[in-house]
Amino acid sequence: MSLHIIILAAGQGTRMKSELPKVMHCVAGKPLVQHVIDTARRLEPENITVVYGHKGDVVQAGVSGPGLLWAHQAEQLGTGHAVAQGLQNLSDDGQALILYGDVPLTSAATLKNFLAVSQGKLGVLTVTLDNPTGYGRIVRNDAGSVISIVEQKDATEAQKAINEINTGIMAVPVSRLKEWLPKLSNSNAQGEYYLTDIVALAVESGVDIVTAQPSFLHEVEGVNNRIQLAALERAYQQQVAEELMLAGATLRDPARVDVRGVLNVGRDVEIDVNAVFEGDVTLGDRVKIGPNCVIRNAVIANDVTIEASSIIEDARIDAFATVGPFARLRPGAHLFEKAKVGNFVEIKKADIGPGSKVNHLSYVGDATVGSNVNIGAGTITCNYDGANKFKTLIEDDVFVGSNTALVAPVTLGKGATIGAGSTVTKDVSDKQLAVARAQQRNIDGWTRPVKK
């Protein structure tokens, strides 16, 4: 039986008090609805239809991935009405899985189990709460079979005492869905077409109704306000932190590490507090990440140390290199084995060769630095003339003195030495000493100006 997934993402989310559609608010740096789409793809459905409404152009522009189908819900008339908008993409012999764009953390494992028990039946994902107030109740008969779902505003006092609630996630044979949706009525307290009313129609039709529950409560928790958004962020980060620790990483405080993408760790990795990882990041064995670091789309090899408050983006760092504290590696930076980038150093689109050092207060951009090079404090590669970028080539075993400006394009040959305070505008050959600075003058009898 083919699988069709419908994701409901049309709501405005007025309680968010935001110009942004609710489903475009983020957990772990990713829009809520993108989490749902990514999970849906792991189920390998025939198609995924996203039902959009409020600011649909923002939703369509803000999610990624090929092959999404879109259905417009011009008026928000309830969940049953929303699902009906996506029916044109569903084949009658398939099964429809209904998901919600503001319920981001449902796992693929939970959904696979749910689909397995729902084949050919009406499946309802439920959960049991100590305080079910506000949710639709699962009403069962004396035999324990589900006979209806009653929304909070329509429930009797006896029904309000039921603590098994509907999560909203359903699996339905498409042919039955097309049969039941036109029969829905909006004669209820909300004046809406409830998708949950198909349960009573299933009972009338003699269709079996089955239920399943998720492994964790946060898998079915939705977002209606920013407090709930923050709670799901913490739940997600706690889950990721536990996975990292089980994979061999030590987190100094699991509550103070944020992963906003995919983080792969080797053995005996150490991550200090307030580290943020974004995009795709790989940490090799025995990598040490200091406090307050931001690492985005980086590959960091074994035995690398990243000191406190360093920022690394789209960079590669080879084994035994060290970075920071307070260093910045921008896109295109590559530190080779045992290279060192120290405090208040910025590297952009540059290779720093094996064993080379840029220890303090320097900028190296659009450059290739060979092996065993020492770049003194305050060195700048002047790579931009206001219109174009130019490259600096520093070959092996070069020594660059402090407070030096290297005006690109320029090449420093192997073993060259640059005197401190130089502004180098011409190539320096192998093993040459270059000194390019004004001659010092000492003036006797100098009197400092005084304030008038």
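In case you wondered, yes, glycine gets a Cβ from its N, Cα and C as well.
Acetyl-CoA binds ALA377, ASN383, TYR384, SER402, ARG437 as Swiss-Prot records it, and from the list ALA350, ALA420 the residue named for this site is ALA420. The C-beta environment of GLY101 (UDP-N-acetyl-alpha-D-glucosamine binding site), restricted to residues of the same chain at least 6 apart in sequence and closer than 8 Å, consists of ILE7, LEU8, ALA9, GLY11, LYS22, VAL23, LEU32, VAL33, VAL36, VAL50. With ASP102 (Mg(2+) binding site) as the anchor, the candidate binding-site residues are ALA377, ASN383, SER402, and the one with the nearest CA is ASN383. Taking the Cβ of SER402 (acetyl-CoA binding site) as reference, residues of its chain lying under 8 Å away and at least six apart in sequence are, in sequence order, GLY376, ALA377, GLY378, THR379, ALA420, GLY421. Cα spacing between ARG330 (UDP-N-acetyl-alpha-D-glucosamine binding site) and ASN383 (acetyl-CoA binding site): 15 Å, rounded to the nearest whole number. Counting residues of the region 'Linker' (227-247) by DSSP class, helix then strand then coil, yields 20 helix, 0 strand, 1 coil.
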